[in-house]
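*Asks:* Positions annotated as zinc finger by Swiss-Prot, on the basis of sequence analysis: 21-138. Sequence annotations record features per position, and here Swiss-Prot assigns Zn(2+) 1 binding site to CYS23, HIS25, CYS112, CYS115 based on sequence analysis. As annotated by Swiss-Prot, Zn(2+) 2 binding site applies to CYS63, CYS66, CYS84, HIS89, with the evidence given as sequence analysis. Residues or ranges marked as Zn(2+) 3 binding site in Swiss-Prot (evidence: sequence analysis): CYS76, CYS79, HIS93, HIS99. The annotation N6-acetyllysine is assigned in Swiss-Prot to LYS129 on the grounds of a large-scale study or a structure entry. Per Swiss-Prot, phosphothreonine is recorded for THR147, and the stated evidence type is experimental evidence. Here Swiss-Prot flags 176-520 as domain 'USP'. The active site, nucleophile annotation in Swiss-Prot covers CYS185. Taken from Swiss-Prot, the feature phosphoserine applies to SER237, supported by experimental evidence.
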Amino acid sequence: MVSRPEPEGEAMDAELAVAPPGCSHLGSFKVDNWKQNLRAIYQCFVWSGTAEARKRKAKSCICHVCGVHLNRLHSCLYCVFFGCFTKKHIHEHAKAKRHNLAIDLMYGGIYCFLCQDYIYDKDMEIIAKEEQRKAWKMQGVGEKFSTWEPTKRELELLKHNPKRRKITSNCTIGLRGLINLGNTCFMNCIVQALTHTPLLRDFFLSDRHRCEMQSPSSCLVCEMSSLFQEFYSGHRSPHIPYKLLHLVWTHARHLAGYEQQDAHEFLIAALDVLHRHCKGDDNGKKANNPNHCNCIIDQIFTGGLQSDVTCQVCHGVSTTIDPFWDISLDLPGSSTPFWPLSPGSEGNVVNGESHVSGTTTLTDCLRRFTRPEHLGSSAKIKCSGCHSYQESTKQLTMKKLPIVACFHLKRFEHSAKLRRKITTYVSFPLELDMTPFMASSKESRMNGQYQQPTDSLNNDNKYSLFAVVNHQGTLESGHYTSFIRQHKDQWFKCDDAIITKASIKDVLDSEGYLLFYHKQFLEYE
């Protein structure tokens, strides 16, 4: 069922007026300034309409027992206590203090420990809706979606399926194999990564795409919306993505045909077509960056890469910022000279990765990507300060990080003299801090020397791994598979139609071709 803003004013009042009576245990809470207190909780810890409130929620809302913020956190309505619902820390508090009411900090529902269920109260519901609407307006999304009006078919489906599906920690909904239609493993592994991208999933499952194409049947975004519905329908039989393949062939003709294609090339082509077909989904909202729009693809995948070219004579700096969807990283063993790895002793731990002598890490690749590069005498530029052509250095850094960072390890080398696959093992972490590679951190690095970030509390640049695409075989003959994170620590291997459970060790020991990381903390604009 799609959740959208409720109608305002009289319609909402009429809806609430016919609601059933609420919980009989609310009397102990509804005293003195209870409405003011409840509004404060919704404003600060549930809907969080302002940037300041969202930052406060991200930093403050952790379980007071285990220090975790992901296990369905609830807040006591009688005192300042946050506790996990999943691990029953909030239950223990309620029993010890006899505080029988708590609020779900994700969805705003009120839970009664005496009733052992979420409860309804007309007065509380009015406050919740009012504060939610205020938060939407602060974020500029309050008027984006109309009230959901089910079709006749949807009404019939609701009659035959009145029960809500309960999602448990062992639930595998969203996992579904894909039939290989003839060397289409390159497409299947990318589809698995996209369908398990949290914000993309939320976008499509909330029916937010508004197609403006003359022929919706040719819209790749409409097909992706249908694909998400198929993946999260609960069906376990492998899906046949024939229509998706046809649309990709239609809109990206260089990928047409049954020969093996590059998964990275397919990813970029798919994002490009989705970006072009998302016209209208941003509801006319202007993008902050003129180089990209505000469609869901750009909101999730687009970052800004800063290039600083420094004159070696006057040291004047020319800066440009370009959008990117992925970061392609050179590997040792390629014809491109690789920066010396791992200076110093063995056994270092850098950015959460085991850094052993002779082992290449993702951090090594990023260090090389962001180091200053001397352009040489054959690539002189005209300096605006010197008014003449001078030698210069160029350095790339991250000006703006995307919500989903995709790292492309350049394993396929094509040159005039050779075509080969680079099989160098690259160690990559479950959690990644991109702070050292930001343009704002450039001053902390001198001459390309890596330094640990001094502000360990800077969570804006921290990422978690959620998908890995691998290539087995040679350049001429190979096969793509992917690892997908379903829950916090549950991983599955997707090999076309076959889905099997995988361990974290299986994931981290894999070769790695495309690495997908998701921001741990989000700040909505």
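Cβ atoms are placed via backbone N, Cα and C, with glycine included.
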*Asks:* Given the recorded positions CYS23, CYS84, CYS112, LYS129, which one's Cα is the least distant from that of HIS99 (Zn(2+) 3 binding site)?
*Replies:* CYS112
*Asks:* For CYS84 (Zn(2+) 2 binding site), which residues of its chain lie six or more apart in sequence with Cβ-Cβ distance below 8 Å?
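*Replies:* For CYS84 (Zn(2+) 2 binding site), the qualifying residues are CYS63, VAL65, CYS66, VAL68, ASN71, ARG72, LEU73, HIS74, ILE90.
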*Asks:* Count up the helix, strand and coil residues in the zinc finger (21-138) according to DSSP, in that order.
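*Replies:* Looking at the zinc finger (21-138) with DSSP, the answer is 49 helix, 17 strand, 52 coil.
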*Asks:* Rounded to an integer, what is the Cα-Cα distance in Å between HIS93 (Zn(2+) 3 binding site) and the residue listed as 'phosphoserine'?
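*Replies:* Cα to Cα, HIS93 (Zn(2+) 3 binding site) and the residue listed as 'phosphoserine' are separated by 43 Å.
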*Asks:* Among CYS23, CYS79, CYS115, these being the binding-site residues, pick the one whose CA is nearest to that of SER237 (phosphoserine).
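*Replies:* Spatially nearest to SER237 (phosphoserine) by Cα position is CYS115.
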*Asks:* To see if you understand the setup: which same-chain residues, six or more apart in sequence, place their Cβ under 8 Å from that of CYS76 (Zn(2+) 3 binding site)?
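*Replies:* Set apart from CYS76 (Zn(2+) 3 binding site) by at least 6 residues yet with Cβ under 8 Å, we have PHE82, GLY83, ILE90, HIS93, ALA94, LYS97, HIS99, LEU101, ALA102.
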*Asks:* Output, ordered by sequence, the same-chain residues six or more apart from HIS25 (Zn(2+) 1 binding site) with a CB under 8 Å from its CB, or 'none'.
*Replies:* ASN100, LEU101, CYS112, LEU114, CYS115
*Asks:* Between the residue listed as 'active site, nucleophile' and HIS89 (Zn(2+) 2 binding site), what C-alpha distance do you get in Å?
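*Replies:* The residue listed as 'active site, nucleophile' to HIS89 (Zn(2+) 2 binding site), Cα-Cα distance: 44 Å.
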*Asks:* According to DSSP, folded down to helix, strand and coil, what is SER237 (phosphoserine)?
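*Replies:* SS state of SER237 (phosphoserine) = coil.
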*Asks:* What average pLDDT does the predicted model assign to the domain 'USP' (176-520)?
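*Replies:* A mean pLDDT of 82 is what the predicted model shows over the domain 'USP' (176-520).
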*Asks:* Long-range same-chain neighbours of CYS79 (Zn(2+) 3 binding site), Cβ under 8 Å, sequence gap at least 6?
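*Replies:* Long-range Cβ contacts: LYS97, HIS99.
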*Asks:* Once near-sequence residues are set aside, which residues in the chain of CYS23 (Zn(2+) 1 binding site), 6 or more away, have Cβ atoms under 8 Å from its Cβ?
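*Replies:* Result: ILE110, CYS112, CYS115, ILE119, TYR120, ASP121.
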*Asks:* Of all the recorded positions given, CYS66, CYS185, which has the fewest Cβ neighbours within 10 Å once its own Cβ is left out?
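*Replies:* CYS66, out of the recorded positions CYS66, CYS185, has the fewest neighbouring Cβ atoms within 10 Å.
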*Asks:* I want the residues beyond CYS63, CYS66, CYS84, HIS89 whose C-beta is within 8 angstroms of the mean position of the Zn(2+) 2 site's C-beta atoms, in chain order.
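*Replies:* Filtered neighbour residues, in order: HIS64, VAL65, GLY67, VAL68, ASN71, LEU73, PHE82, GLY83, LYS87, ILE90.
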*Asks:* Taking the Cβ of HIS89 (Zn(2+) 2 binding site) as the centre, how many other Cβ atoms fall within a 10 Å radius?
*Replies:* 21
